[in-house]
Structure formats: structure tokens, C-alpha cells
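The active site, proton donor annotation in TrEMBL covers Glu565. Under the heading active site, proton acceptor, TrEMBL lists Glu761. Sequence annotations record features per position, and here TrEMBL assigns substrate binding site to Asp432, His472, Asp480, Lys673, His678, Thr720, Asn762, Ala763, Arg797. The annotation compositional bias 'Acidic residues' is assigned in TrEMBL to 153-177. The compositional bias 'Low complexity' annotation in TrEMBL covers 181-198, 325-334, 341-350. The compositional bias 'Basic and acidic residues' annotation in TrEMBL covers 203-213. Residues or ranges marked as domain 'BES1/BZR1 plant transcription factor N-terminal' in TrEMBL: 198-329. According to TrEMBL, the feature region 'Disordered' maps to 138-213, 325-350.
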Amino acid sequence: MWRRQWAWRSPARASMCACPLGWMGREAAANHMRPMCGATPMVAPSRLVGPFRDGGGEGGRAEAAPAPKRARLLAIAAVHPSTRVAPARPPCQPYHPRPRHAAARLARVTEPRPCCCCWSPLPFALCFLPCISLRSPAAARDPGGMQQAAGPGEDEEMGVKEEDAEEEEEDDGDDGYFMDPCPAAVASPSPGSANPAAGRRRAREEKERTKLRERQRRAITGRILAGLRQHGNYSLRARADINEVIAALAREAGWVVLPDGTTFPSSPSSAAAAQTAPRTVMVAAAPLALPTSPALPLRGISPVAARPISHRPAPASSLILLSPPRATSAASRPPADDAPDGSSSHLLAVPVPMDPSAAAAAAEDAAVVAKQVPEVAPRPPERDFAGTPYVPVYVMLPLGVVNVSGEVVDADELVGQLRVLKAAGVDGVMVDCWWGNVESHRPQEYNWTGYKRLFQMIRELKLKLQVVMSFHECGGNVGDDVSIPLPHWVTEIGRSNPDIYFTDRVGRRNTECLSWGIDKERVLQGRTAVEVYFDFMRSFRVEFDEYFEDGIISEIEIGLGACGELRYPSYPAKHGWKYPGIGEFQCYDRYLQKNLRRAAEARGHTIWARGPDNAGHYNSEPNLTGFFCDGGDYDSYYGRFFLNWYSQMLVDHADRVLMLARLAFEGSNIAVKVSGVHWWYKTASHAAELTAGFYNPCNRDGYAPIAAVLKKYDAALNFTCVELRTMDQHEVYPEAFADPEGLVWQVLNAAWDAGIQVASENALPCYDRDGFNKILENAKPLNDPDGRHLFGFTYLRLSKVLFERPNFFEFERFVKRMHGKTYWPLEWSAINPTLAPANPILTLRHVLCR
């Protein structure tokens, strides 16, 4: 940094003052510049000789010019008496290099330096000259000493960045100096005088006060963020603002916070709950000045529902007021080693229960505090499902519970888990009968040994069975933990004729299931695909006839495509698909292309016998394709023709297979699983649904034809993703435009309008109460005029994680509420033995859940 050193030329002066500060006031300069010859002293400095590099180091002292140089300068001034006079400066405006950091500012204030008047080694900030103020920039901006009291670098310690450093540099001038405000006598001119410098000083002082207030606000925000990270385990970014803090607290309280800041409760009954639920109010003393204007009521933050931020007791200045008051016991008091330390935040500490004497004092202050603290709505109570219709609950068994050798995997452990499920009230289990395991080696040679043993175990435990006819391979999709390919003899045919599989536009084959183009083609050693499916189902019905007669097998679910669902394999993970990609059309095998040509010729447009060439790839977005974008080809004449044909092939496949399934399982309940493709649901084209075979754009109901064909064969509809919330999906994947709640509501109404029963299952593992509550809301809609509800629910899936103590208690609670009963936790038996009678199964469950 450069400093301007001033050298004055005087006709009669023989020496020059070397001020340790590099520049002095006008009066002081005149005294030092008294000429040796007795001439009249100069009252104003003259021409600037030139800028010199600051050679004073930290002390800011300027070295005086050598004696010969002084004489030469004085001689020049004597020859030119009309030397230009430099502008005069006020007496109390020394320039100082401005330190950029708080540590440097503090060092400049406290560093011992010689006084400019008496040369005594006083601290730099303690010079007692009335005419010259040597305060540092930090001291000038903090006249009350508040910043020094907070400690050096308070903003940096709290994780708050001094964002106004660059602004201060620009405001203070280009030369990098800080000009200290003048005393009141100098800075306040007479009313009649027009002094522009005084106006600038007042503006600068107001700017400094504004910066001080901003710095104090950032320091307070830093303390709040540090306390939330240390004690509340909130995932806040390093430079979060107060809006993000409020949003985090609102989400913790169970409210929904949109990206634009809109906040509302997750349940519409919160308004009624706010009138009846007790309020908990915490008042903490803090060195902050509250605004005099009335505070706005806070919405969406519930201290009752929010988890404790800290387990440390609050200071004596904190009070907790409960309405109504609750009794406390000595056992609830924190241990002695939880005493607050210096690092704990008083604003975030959780208070300990007060003794009776302190409670009396708190009650007296309640009326006063209640008027000052805004009311906060508590978390709304959950809906009571006691007395609602009974909805049976099933649990899916592991995918590889029966291996390819026909053996039950971990049979003893499975029996123990099934006993626990039975004790929890589960109605039954769902089992996948894999085509690749049963008819693995040769056509029409079925091995049911492993399933016979498994079904016998389930019957002995008096559980019911849902059996899935799985005509697809296992592995390569989300949640697949085993690999079960299609029968070996089918894959041998596929090597010589790969067109039996679904194919995408670039020719990649999907071996997960057989193409619907061979439903009527005798390419499987003299049989069509539909005949192969019928022979498998008829063999199962004959082999397990006694389980049908006894009612152990309550339902048969028919696999109709990828993952056992009625859909095209449009988003296979093994081909690189990632959520939320739109997927690709799967109609490029030889048999489906032949069917498309026949449909185009029947329509009279042979040029339409092709798939769209502008539909993107697996991971494309709809708006980046010419086919799915708004106003794209999907809504053109050709697009409507192609999508009608594509979705009709899906419906025709379901029609053919269900006709034979009803023949094989006459008198039994059959069901079809429909995939919940909820991403891109908020777009006009619904691209992901179109590639999966559901012709469901914004101007058409694509699930009504599916419901009609299920009604034709009296089959139930099993739908997925009933546990997902739209807001949760929007927070995690806002770019997916997903709406699972809207999709579930559309499919349920389409099925109920067609007069068919509806069952459901979760799409992803679910262990939390929010997910279970969402399933309950969909299973038993509130205030439905027709009293409609789900036919059954299947939980995905049995695992060791489910039997962890907190997860299983939530699951047991969910089962009881699905059954329309009141849930009594197992721990309540210690409080009231009549609530949980003695039962050896309950004891076993308690041991296994530990």
C-alpha cells in the first residue's frame, strides 16, 4: 500500500518536520515549520513534491528526507514563490492504513507506539492529544466497545463471513486509507454554513453504524447456527441464513416447507389441534434488544413435536411453562455431570423440570410472558383408525426364500420370524413362485419340492398365502438381491432367436421377460408364450389343491411383465437407466414390428409403421425431446396412433393371460400388479408412463382400459407407491416433476369406478411412521361417501431391518391400525398388566425385538 508523504517548500525554512505519523494537522504543521530566519510561518502546506514509499513499517513513520535534499528543495521553493499551495485539511483527520482483518485491527489498537506529542511509549490507541485521534478503524466503527467485548474474530468463530470487507474498501476511498470522524465541534458546522465535507462525514458515520448493526446480527446468527449444529444435529450449511434455520425447525416439527418458503401443516386437522393441544413456551434471556413492534405469529414450528436440541439444563434465566402443568419425578432429572459448561448455548439448552418453589414463581410470570411470546401451533394429532374397516396385511418373503435346488433358505430363522409376525397380527405372507426355478431344465417338468415345504411351514403357523406367478427373471432391478434367470431351455431358444425378448430402438435385448409379440407365436418348442404360462399355472393348481380347498392360499397374483407388473420393461437398470429418466419404447423386436405394420396398413398409413425417432433415450427429460415436449409429436396424428397401438398391446396381453388364469384358478381370487410410474406425472405428456405402456397424458385416462379388462375377469388391482408423498419427492428430486399422490388417487378412482377391488403395496422399504400413516390414509380414505377402502395391503419386504426394535414397534402399530384396533405397545404391560395379558408368543417377540 502506498502512502503519500508530503514535503512542503518554504522560502525561509531550513529544516523539515519528520512527524512519526507521516502527516499532521494544519496547525501542528505550521508550528513545526516555523522558519529559522524569523519569517512569517506558513499556514498551509504548498506544492506536493511527490509520493514516497511508506518506510515506517507497522508504526507508520515516514523517514525525513536527507539534509542535502531538504536544502535543495528549499532553494527551489525560494526561486518559485508562486508555488501551488496544497489543499488544507481539517485538524483531526489523520490517514491510517486500514487493516483488513479483525486481528490486525486489534493489534493496531493495542500495539505500544510513541506518542506523536510527547514521544512516550504509550499504546497507540491511548494518545491523549485532543487534536489528533489515533483510533484504529475497528475502534472507530465500534465506539461503544461492543465488538471488543465480544472478542476478536467473533464473526469468524461463529462461522459467519465478513461479507462487507470489499464494500468497506470501496466506500472508504481508492487510496485505502481510513479517515477517523472529527470531533463534534468540527464535524457539526453552523446551521448557516454549507459544508459538503460535513455531509459526507455524517453519511459515512451512518454507514459505519449500519455496518456495526449488520455485524452484530451476523454474530447472533452465527451463534444460533453453531448451537443447532452442536446440539440439535441439524444439517445446515456452513453459511446458512436465518430463513434456512426457520425452515429446518419447521420440517422437524412435521410441517411441509416448499422451496419458495411456503409453509403449511402436513395434515388439514392442524388448525383444530392448535385449539386443544397444550402449549409449551420457553423464554430464554439473551443479550438482544427485542423490537418494539408487535411480533408476528410463528407458523409451522411446534416445540411439542420437535426433538430436544440439547440435553443440557438451561440457565437460571430460562423458564418452561406448561399448560396444564405436569408432575415431575426425581428420575427424570438429568445427572449431575450434565451441568452446563461454557461451550453450551443458553438459547438452545433444554430446561430441567422446576421444583415446586420455582414452579410457583414461573406461574406468576406466565401471564406476562404469554402476552409477549407468540403462540406456536403444536403438531396435529394423528387420525384415530379405531373402528375402521378391517384391512388384512401381508408381508413379502425374501425373493430367494426357495433356491434353484428346491430348498428353503434358512428355514429355522424363517420360522422364528414368521412366529413374530403372527404374534404382531399379520394375516399372511406373499411368496414368488419363480418360473426359472420350477421349470428350469425341460419344458413341462416342474419341481415344486421347495415350495411344498415352505407352504407346509406357513400352514402350521396358521398364516395365509398370496402366491405370485412370476414369469420374469429376478436380478438387475431395484431391490433385487438374488439372481433367478428365465428357464434354461427358454434362454437357449433366445440365443438362436433373440426376437422373443423386448428390444429397444438401438437393438438392445431385454431378457427380463418374453415379448408380447410371441403370445400367439409357436416359438417355444411348439408352444406359444400364453400356453406356457397356462401350463405352469395349471400345474401349480393341481399340485397345491389342498391349500386352495383349506383357504390357506387366499390370492393368486398373475405376473404380466417386467417385475411381475403389467408394464413394458421401459426403464431397465441394466441398460443404464437412472431415475428419473423417461425410459424408451420397447417395440422393436421382429414380432411387435410385424404387428405394428398390420395396424398401420389397417389405418391406411403405411408410413406410420415405425417407432418415433425423436423420443430420446433412457435418461432423457421430456422437454428435451421432440416427441414428449409440450406440443410435441405425442399429440400429433401419428403420435396418437402409435401410442394407442402401443398401449393396446399391453391391454391385449393382459386380456389373453387373464382369460387362461381364470380358467386355471376358477373360484379363487386373482390379482394383477400395476406399476406406479409417478415421475414426470406433472408434465403434459407423462412421458415415463407412455414408454411403460400407460397411455395417460394430461387429456386422457390411461388406467380406465386396464380397469375394464380386470373387471372382465373379476381380478383385483394391486397398486404400488402408496407410501410416497409428493412433497418428499419434490424435495429430493425436484427435477422429476413427480406426483405419487395424484397418481394413486387417479388409479384408485379408476378401479373403484369400474367396480373392482383394489389392494396395494409399498414401492420402497418403509420403516417410519410418516410412511405408515400415508399408507393408512390411502387404505381408508377419510369421509369417503361410499365407504370405500383397500382390499388388502402387502408390505415390502421381510428383512432383518424390520425386526429392529424401533422399526418393528412402528410396524406392529401400523398393523393394528390397519385392522381397525387400538394399539397397545408391549412396554405398557409394565405400567398396566391388564392391557397386555401374558402370552409366550409376546414374550418371544419381546426377546427377538431387543
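Glycine too: its Cβ is placed from the backbone N, Cα and C atoms.
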Proximal but sequence-remote residues of the same chain as Asn762 (substrate binding site) (Cβ under 8 Å, at least 6 apart): Thr720, Cys721, Val722, Glu723, Gly771, Ile775, Tyr795, Leu796
Cα distance (Å, whole number) from His678 (substrate binding site) to Glu761 (active site, proton acceptor): 15
Alpha-carbon distance [the residue listed as 'active site, proton donor'; Asp432 (substrate binding site)] in Å: 13
The domain 'BES1/BZR1 plant transcription factor N-terminal' (198-329) [mean pLDDT, rounded to integer]: 58
Rounded distance in angstrom between the Cα atoms of the residue listed as 'active site, proton donor' and Asp480 (substrate binding site): 15
Densest Cβ neighbourhood among His678, Arg797 (binding-site residues), 10 Å radius: His678
Candidate with sparsest Cβ neighbourhood (10 Å radius) among Asp432, Asp480, Glu565, Glu761, the listed recorded positions: Asp480
Composition by DSSP (helix, strand, coil) of residues within the compositional bias 'Basic and acidic residues' (203-213): 11 helix, 0 strand, 0 coil
Max CA-CA distance, Å, over listed substrate-binding residues Asp432, His472, Asp480, Lys673, His678, Thr720, Asn762, Ala763, Arg797: 25
